[in-house]
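Engineer: Taken from TrEMBL, the feature domain 'Major facilitator superfamily (MFS) profile' applies to 31-450. The annotation transmembrane segment is assigned in TrEMBL to 26-49, 69-88, 100-121, 127-147, 179-200, 264-287, 299-319, 326-348, 360-384, 396-416, 428-446.
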Amino acid sequence: MSNASDDSREPLVEKHLAESKQEQPWMVYLSTFVAVCGSFAFGSCAGYSSPAQAAIRNDLSLTIAEFSLFGSLLTFGAMFGAITSGPVADSIGRKGAMRVSSAFCVAGWLAIFFANGVVALDLGRLATGYGMGAFSCVVPIFIAEIAPKAFRGALTTLNQILICTGVSVSFIIGTMVTWRVLALIGLVPCAVSFLGLFCIPESPRWLAKMRRDTEFEAALRKLRGKKTDVSEEAAEIQDYIETLERLPKAKALDLFQRRYIRSVLIAFGLMVFQQFGGINGICFYTSSIFEQAGFPTRLGMIIYAVLQVVITALNAPIVDRAGRKPLLLVSATGLVIGCLITAVSFYLKAHDLAHEAVPVLAVVGIMMYIASFSAGMGAMPWVVMSEIFPINIKGVAGGMATLVNWFGAWAVSYTFNFLMSWSSYGTFIIYAVINALAIVFVIAVVPETKGKTLEEIQAIVNP
């Protein structure tokens, strides 16, 4: 009897041991690292102008208007990068698009380093902006397409973590080195990304779409491990690609066809709420907010930078456990509360009430805001965007969604000072209302994508 029992358990034991010895997808980790070097480069570009402002103006004798143009060109370059990166990623591959992005960033940083006048400085800023905008579109798509579904969300979230880290590192290092040396340091993540792309495979889904079947199977096996059986996943991807091949090639106007409209609504809606909830106005002018509220500016900025990175990093492991939708809801709720606390602070100041409470409420409100943003609304729209579109329109749709995001970033950062001049507490009430509408939008429109393959997600979103 015992022998029979042992025999019956033996296959189960062997199966358990086989599962426990399953290969770790080290190539997925390496590929993700190379990709998020582009995210770090993104953050370095975004964080460059703040610590370099005074030195560049003094060394090159720039007026405030000239330096403002220098700063704003980053956003315009990013918009152009977002528009073109989708078609580029669809035509020459995700790796090819990231190489182009790296090359633009390298050229831009070199132009800034060697600049002796405003023209070279502006051209360099425009080039780094293009690379930044392209990275913001291609990196999350590439990671989503190579990652196993079990931890796709966590890996995609690394995109936002490295952006935040790049901004913080650029800000801190910028206080210790000259603006030209800071530009050279900006070359490092670009060079790592460019060279690293030669060591990793292309997106299997893009290879399958391009009918490069031998390379597709080799790339998938390389990503999953030589001993892993990839036949089921390969067949699923191939079946989905064959279905998509029957559809005509996507153009920008095709995004508004009925079959894609829900995907477009979800991705574009999340990008609108992410930006018009006030993040770039608050991020760009945090020091001004603290100064107006009477809180030490340097201390506030350091706390802000550290908190942003820590919360975003702590959030990564729970993305695939908690799910995208709960994190979005918790995050948006925190944003509403943070905005209302800050609004109360400025209301008290405007009406000359409770002077001691004003700086405390302001810093609590802003820290609540940035912690809440980092916990969900910062990363989740990019995670969902990378998952929600069918592969035949992913490049075009991803580029357009990123364009919407960058337009929102420009609009909010441009209007923030005008709104604050009109009413400081009214500004934060407006942002609170927009974030409250984001809660309604997430509940009503956004599906949960946790633990589902990209093909399963499409079956839910576009039945």
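Heads up, the Cβ atoms here are built off N, Cα and C, so glycines get one too.
Walk me through where these features lie, including what they touch and how far apart they are.
Structural biologist: For the transmembrane segment (26-49), same-chain residues at least 6 beyond its ends with a Cβ under 8 Å from one of its own Cβ atoms are 67, 70-71, 74, 98, 101-102, 105, 108, 128-129, 131-132, 135-136, 138-139, 142-143, 146-148, 155, 158-171, 174, 182-183, 185-186, 189-190, 192-193, 196-197, 199-201, 222-225.
Note on the transmembrane segment (179-200): residues 27, 30-31, 33-35, 37-38, 40-41, 44-45, 48, 51-52, 55-56, 59, 95, 98-99, 101-103, 105-106, 109-110, 112-113, 124, 128, 131, 166, 170, 173 of its chain, located 6 or more positions outside it, place their CB under 8 angstroms from a CB of the stretch.
Residues 153-154, 156-158, 160-161, 164-165, 167-168, 171-172, 286-287, 290, 327, 363, 366-367, 370-371, 374-376, 378-380, 383, 450 of the same chain, all 6+ positions outside the transmembrane segment (299-319), place their C-beta atoms under 8 angstroms from a C-beta of that stretch.
Counting only same-chain residues 6+ beyond the ends of the transmembrane segment (360-384), those with a CB under 8 A from a CB of the stretch are 136, 140, 144, 153, 156-157, 159-161, 164, 266-267, 270-271, 273-274, 277-279, 282-283, 286, 289-290, 293-295, 300, 303-304, 307-309, 311-312, 315, 319, 324, 327-335, 337-346, 348, 405, 428, 438, 446, 449.
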Engineer: Can you give me the average pLDDT across the domain 'Major facilitator superfamily (MFS) profile' (31-450), rounded to a whole number?
Structural biologist: 85
Engineer: Looking at 69-88, 100-121, 127-147, 326-348, 396-416, which one has the highest count of Cβ pairs under 8 angstroms to the transmembrane segment (264-287)?
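Structural biologist: Per the Cβ count, the answer is 396-416.
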Engineer: Below 8 Å between Cβ atoms, which of the listed ranges 100-121, 127-147, 326-348 makes the most pairs with the transmembrane segment (69-88)?
Structural biologist: 127-147
Engineer: Hey, which of 127-147, 396-416, 428-446 has the most Cβ-Cβ pairs under 8 Å against the transmembrane segment (326-348)?
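Structural biologist: Most contacts with the transmembrane segment (326-348): 428-446.
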Engineer: Who are the long-range neighbours of the transmembrane segment (428-446) in its own chain, taking Cβ under 8 Å and residues 6 or more past its ends?
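Structural biologist: Hits for the transmembrane segment (428-446): 262, 265-266, 269-270, 273, 276-278, 324-325, 328-329, 332-333, 335-336, 339-340, 342-343, 346, 365, 377, 384, 419.
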